[in-house]
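Structure first, commentary second.
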Amino acid sequence: MNLHEYQAKQLFASYGLPVPRGEVAYNVEDALLVASQLSTSRWVVKAQVHAGGRGKAGGVKLVSSKDELAAVAKSMLGTRLVTYQTDARGQPVNAILVEETCEIDKELYLGAVVDRATRRVVIMASTEGGVEIEKVAHETPEKIFKVVVDPLVGVMPFQCRETAFKLGLKDDQIKQFTHLMMGLGKMFVDCDLSLLEINPLVITKSGQLICLDGKINIDGNALFRQPKLKNMRDVSQEDDRENRASDWELNYIPLDGTIGCMVNGAGLAMATMDVIKLHGGEPANFLDVGGGATKERVSEALKIIVSDEKVKGILVNIFGGIVRCDLIADGILAAVKEVDVKIPVVVRLEGNNAQLGAEILNKSNLNVIAATSLTDAAKKIVAAVSE
């Protein structure tokens, strides 16, 4: 789950991390009220969307008067912002962040991720702030300094000081950075984060460190124990199909192909997608219905798949372990009738009562094709969508 910048900064502030003064606004009047409460004569207006690249897309503006602020707020709110990280439709701008400006002397980068290789939280810092860290890692990896955090003791002060020295910080800045980095490490673990970025972390001309921008991703598997963070979720920034799938505990990821996939088991789903590509097709989604492939869940999964206008055919690949394949076949046919699926559906059943399930599918008068193997299923669905 992603947070907006203003939500990330609220979280930063609660852990003692320095952020610019500012507030979120949902209309022009709110924006003007926020500006009147700030001490600077110029303000930064930022569109709040779950996407990077806002500056280049016109989602970050510097304004010098109340009239200019009102005009910018009016032009942003209620629109959709298209950046290199969004699709062609863009993301809806329902809120803006109005902040004080600051005099920037230097820009740094500070972030944290869960590193699969070390199975630890790794904090990364760089002198190349304001630039995508992926670009820095590709072009000048020597400018990224990494700190592996021991899960038993957390971030240690000596690690913070060593990193501060590498960043070229001096005197009081080292003390500020130590406080900031330790707060970041504690927040990362306390809040079950999967990604945290402060880019840029700026040094002002008065020598103060400020988190000028913030990005936070929360581990969706841990939301059950993060009720306050869960309430910050903005579903308007998410894919409708993914939201519906989440409500039914279905694992759904949209892709760019034309063949919808419904499979029970993540590994089997990935193998199914591979076989589709092997035979010349392109999967339109990853969808794992899990172990409980009931009629209701199958029906909802089909609704989600057919709501994608790109889908020209559906491949259902179910392994009947505890659940009998004949019951799954009945559920698939009932779901096809309920959803009124017009496109071809190829079903491959394997396991408990698989033969009986295939007979049930073959005897139906619906546009449902039974396959004898995964290879056979892939060939049949690719042929069906090619007609």
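One is the number of the first residue shown, and numbering goes on along the chain from there.
Any Cβ shown, glycine's included, is placed from N, Cα and C.
Taken straight from Swiss-Prot:
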DOMAIN    9-244  domain 'ATP-grasp'
BINDING   LYS46, GLY53, ARG54, GLY55, GLU99, CYS102, GLU107  ATP binding site
BINDING   ASN199, ASP213  Mg(2+) binding site
BINDING   ASN264, GLY321, ILE322, VAL323  substrate binding site
Of CYS102, ILE322, VAL323 (the binding-site residues), the residue whose Cβ has the fewest other Cβ atoms within 10 Å: ILE322
Pairwise Cα distance for GLY55 (ATP binding site)/GLY321 (substrate binding site) [Å, integer]: 52
Euclidean distance between Cα atoms of ASN199 (Mg(2+) binding site) and ILE322 (substrate binding site), Å: 49
Site extent for substrate, whole Å (max Cα pair distance, ASN264, GLY321, ILE322, VAL323): 12
C-alpha spacing of ASN264 (substrate binding site) relative to GLU107 (ATP binding site), in angstrom: 48
C-alpha spacing of GLY321 (substrate binding site) relative to ASP213 (Mg(2+) binding site), in angstrom: 49
Candidate binding-site residues ASN199, ASN264, GLY321, VAL323, pick with smallest Cα gap to CYS102 (ATP binding site): ASN199
Pairwise CA distance, VAL323 (substrate binding site) versus ASN199 (Mg(2+) binding site), rounded so that it is a whole Å: 49
Alpha-carbon spacing, ASN264 (substrate binding site) to GLY53 (ATP binding site), which is rounded to whole Å: 37
Inter-residue Cα distance where the pair is ASN199 (Mg(2+) binding site) and GLY53 (ATP binding site), in Å: 12
Cβ neighbours within the same chain of GLU99 (ATP binding site) - under 8 Å, at least six residues apart: PRO20, ARG21, GLY22, LEU38, TRP43, VAL44, LYS46
ARG54 (ATP binding site), number of other Cβ atoms within 10 Å: 21
For GLU99 (ATP binding site): DSSP state (helix, strand, coil): strand
Cβ-Cβ neighbours of ASN264 (substrate binding site) (radius 10 Å): 24
